[in-house]
């Protein structure tokens, strides 16, 4: 074989050398993964590897190095029409090549890569693809004319191929005198020995055993470092080297081949083959293959027998080469990426057909490197891609998914143990990329907004919006960008990619908002802004998820389940309810505090004569409603009922406090004395002797409570002011309710039903409480005046002793004074009611004097005329010549008195007989032996036994006294 290399020149001449162009290795970017083809145990430079691989190429193609390139034949044919080749048979190789040279190669077409000949004018072309520069006779083309020559240029080897031989042959044939200088010789000698060391000792095809050959070769190589070999001679040293090398190289690898194994061990063979494959790319346009790539590849494959390469390893190495070229050249030439993916499809087929552990190891490393590079971009694709380069994303995703599928489906033992239907590799990877990148993008957005907020705070600049509100807006925009820019790309592998994206963002923001919510203690503008922004974001995200999942089997339920609601509206509603409760609690405290100081005098310059506290209560109610509708919340109509209920209870509380301590009708009614019978002595007997002191009447007014001892708060005027205050509140509630409707119409979230339906917007408790309070206070005032304030004139003075000297005029005079005060103080809308209650109380008091006035009172039949006259005077007072109460109203409430007065003009026997008859009728036969004492019902009537009995008790008549003594043994005195 040595004679073949003798015919090759080591260079153009000993005086001329061509320095190789810069290596692609010098342009490798930092993000290109380390070569998965393996690292060599001995250090070789890129130039060394190129020279070694070129030597192998020349050796493998030694019988065809002079074969003309198809493009050269084509050029010659075009330049010289008279050339015999133009007339060559179409069956001849030269003719066939010439017909197809202008078109892209089969390999380029298969890979989908462009041809340099199709580039626009001015594009850079490779030395092996351009047309000849010579023209006319004598013109000589600068293009390489043989495969060997083209390879030399493409491999950037500065020497002619004739000067390169295989390591052992070269060591035996070449001497130092064959080199330009000693430095070149020493470098060549060192490289040749390192090749032998790498191929036979460090990376052997057949594993080494403890043979003398390996030890001897190692000693020779290491010894040559101290005492260089004398090459080119058939001396003992060279014979020893040859013996050791051949002994190791000829060992069988079990393939029953007589091939020598000196460069076919991994990863040495793969690195050398990678160098050969790089020659397929144009040295002046790193993104394009040379036009003659089919020719080159045909000859490169001849090195397989030396390098131990097969089709599977070729596919794998070529895949890596295409990928690395794409990365090295700036990731702009998509043809390279698509070619890599196309080649990867062949690798996938290979992976399914072999279980070779050595191949699987390289395959796994290569795919892992490609997948790792792709995932570095895809796991944070928001940082990698934007509108300017998003077009490259689909290719990278496709490449990564293809690599992942092979790794998982064809290499993973765990996957083989599981049913393939359980794992969707592409979908799983896509979900991982989406979730990872969006989590990263969310974290970056969150950090950025927090940093901006801190800077503003340090500069004392007011934040226009809270951080989480701004973040919600940013995340909403991110979701829209995801849907428009990235989701259409992901949808090729994942039908619901947008849903996965928004679900991820929802979870990320959900963690932030939950932490924020846990720290909220009260309703603040910032809290409302954040929660409203969160609610809007959630609605937007859910909408995207629903739209994306419209064609899914479950209608998007699975994605929605991944999005537990923020419940921002619920949180806002609860905060508003807390705000309402706190307001109402403070209002109740205000009522307690202010009513203790209230003197119940009318507010100056105000009509209606109501108290200052009532005016304040209404003002605070208005302010509370105003504050409520100014809250920046989206659900005023929803929580308004809570506020109305709270205000209703607060106003009811004020009403209850306003009327408390004023008593009621029963508070002032005196206790009726026990029944007695009259003495029959002359009524004028007391005129001639010292009048016997009448026993004190039993009155209940001693039990009337006075709040805190302040009797002034419960005077006639003060009670009238209390009544006016309750009436004012009752009348203003309609105005408040109308104002609520007006506020609702201005709410952004209000609907027609919210103000057409009165439910939840009306006060339910306070109106009834006001009506009841006015009624109670009116009645209390009336009975207080009659039985407490005027008791000296009525209960203690009317008809005591001689009727003619103790008539009703003093009582009516003072009653008229009170009526004047009441009429001037109370609101006209409640005036009639109060005067009516006062009339009723006066009538009740008049009857009580007649029927339960105690032993100090006694009446004859003749006294009935005075009673009739006094009662008429009382009615006239309230009628006031037509200016007072209506006569029909007076007649209505005087019915009882008018029914009782005739009894006092009825003779005693008739009364006794009527009493007996009514009693027997009421009690039946059991009353024949002894008449039972009828109970006091308080319902006075001429048809009621107890009323008849009381008329008899106060009848100054012997028959009446005797009947009462005999029937009931009633005493004359208490």
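Placed from the backbone N, Cα and C atoms, the Cβ positions cover glycine too.
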Item to check | Which range of 7-32, 33-58 is region 'Disordered', per TrEMBL | outcome: 7-32
Checklist outcome for this item: Summed over the domain 'MHD2' (805-915), the DSSP helix, strand and coil counts are 91 helix, 1 strand, 19 coil
Checklist entry - Using DSSP, what's the helix, strand and coil tally for the domain 'MHD1' (528-672)? => result 103 helix, 2 strand, 40 coil
Next on the checklist: Taking only the residues in the domain 'MHD2' (805-915), give me the average pLDDT of this model.
Outcome noted: 94
